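The block underneath contains the structure these notes are about, expressed in structure tokens.
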Amino acid sequence: MEGSGSGSVAASSGLADCSLVFWTLCSVLLPVLITLWCSFQRSRRQLLIRDIFRKSKHDWHYTDLFGQPTYCCVCAQHILQGAFCSCCGLRVSEGCLKKADQRFLCKEIVMRSGSGAHGSMPHHWIRGNVPLCSCCMVCKQQCGTQPKLCDYRCVWCQYTVHDECMVDHLKTQECMFGEFRDLIIPPYYLSAINQLRKDKRTSYEKVVPYSRKHWMPIIILANTRSGNNMGETLLREFKILLNPVQVFDLSKTAPAKALQLCLLLPCNAVRVLVCGGDGTVGWVLDAIDEMKIKGQEQFIPQVAILPLGTGNDLSNTLGWGAGYAGEVPVEQILRNVMEADGVKLDRWKVQVTNKGYYNLRKPKVFTMNNYFSIGPDALMALNFHAHREKTPSLFSSRIINKAVYFFYGTKDCLVQECKDLNKKVELELDGERIELPNLEGIIVLNIGYWGGGCRLWEGMGDEPYPLARHDDGLLEVVGVHGSFHCAQIQVKLANPVRLGQAHTVRLILKSSKMPMQVDGEPWAQGPCTVTITHKTHALMLYHSGEQTDDDASSTSEPEPAREQTDEDE
């Protein structure tokens, strides 16, 4: 009896152990299996979404969180995450994406049929998610006030209409493209141009709106890698307001290719808005120079700037401000471009010829828009450039970029790597040799601003020099005593050493290796001869509405002088 009792106890103990092992395995494996299943379903769902995005005519983007109350255009439910089209503004939940893609048409960049060949097209209405503070075009009352999918918006003219005000004739009414009709390239225009090209005709004058007096079509060129990485957001907002064919991402399409659109548009009427830093502007201007070489000079556009870079001195000179961080609505930017005046910008050829009797290499040739320098500011740019090449992800903020510049400037104040520059170089202005004082740097200026917003040539004090012009064919040449002197100049505690003005500048580096830069592109240079001569003019747009701190300090000048200053910048 005792043996059978102990056997049953052992058997029950074994069953308990097996049960414990089983439930332990279940408690461990079940969450793992659930996690794997959810991961598989998520990956499968993402593949389906990407497949829809790839095949769709909409420009879909997925977001985890909408920035304002949003309703699905299919099921009308409130959504926190989902997809939106950056061209027409449709917003849908993840589950309704396929239905929305099949049900709703996106903006047509070119009319599919000949219905628009005569120069008109109806409104393209999208229901719901209208902009805040928009007014109904019928009753003039505010739209989008109810917490549901309601009211309509035209994707071209941006007019909005209440549900109850939407009548049949509005659905077929001709769209006049709203406030920015003079900037938009209509789909029916491109359709007519394509037909003419198929017929091998180039007489575009009779195509509406080619001959319209105030039509100034705009092309947007945005560098999504510039400065504070606002390019992506700007691209989407411009696509909403304009024809998407007018908006280009320079990380995907080179400026030379994007500017070929100018050949289909009226001569001397196109305006280009470059969203990026001064380097991006130089890239676009180089592409425009290529158009001149190809004999396309009559199609050359005028260039405006939306400053997204770090320094933005050219933008500041032309009145577009020292930096853009989203504080001005995109609509106002387009208004500024429409109202801007045309000016010329000198562009200069910088030729660097290495010394040596047996040097068979071709001279290095650069194009300068802003300034050339040798010395401490070029050294800061060189160190910054080397650091950014190693860790580009760290340099996504304008504040961080300026902080790195400050660090290298402070370091040079202690080390003084460029001292005794006057013993290493010779300077000639229009063939006349200049006796140099004790300097660490030389800066050759084409524009009024330098170093992120400092009026270098004008200076400060009782007898300020006149502003440097960017269209007079003259270069201003100044010297600096070091990094600390540069910092003093920027906070208006010192003036530069003014060496003179000239049409041609020649600089001879006799010995050692020195840092040089052209428009923020730095390099280390051995003994050489640098020659700067006039190359060409660029057609730019000047905006008189922007005012910097330096401008504010000059408001006490007489009105005629102020007008001249605006022109000079």
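Just so you know, glycine gets a Cβ as well, placed from its N, Cα and C.
Annotations in TrEMBL come from automatic prediction, not curation.
Copied from TrEMBL, the annotated features are:
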COMPBIAS  559-569  compositional bias 'Basic and acidic residues'
DOMAIN    57-106  domain 'Phorbol-ester/DAG-type'
DOMAIN    122-175  domain 'Phorbol-ester/DAG-type'
DOMAIN    213-354  domain 'DAGKc'
REGION    544-569  region 'Disordered'
TRANSMEM  20-40  transmembrane segment
Could you give me the DSSP helix, strand and coil counts for the domain 'Phorbol-ester/DAG-type' (57-106)?
-> 10 helix, 14 strand, 26 coil
Using DSSP, what's the helix, strand and coil tally for the domain 'DAGKc' (213-354)?
-> 58 helix, 34 strand, 50 coil
When pLDDT is averaged across the domain 'Phorbol-ester/DAG-type' (122-175), the result is 90
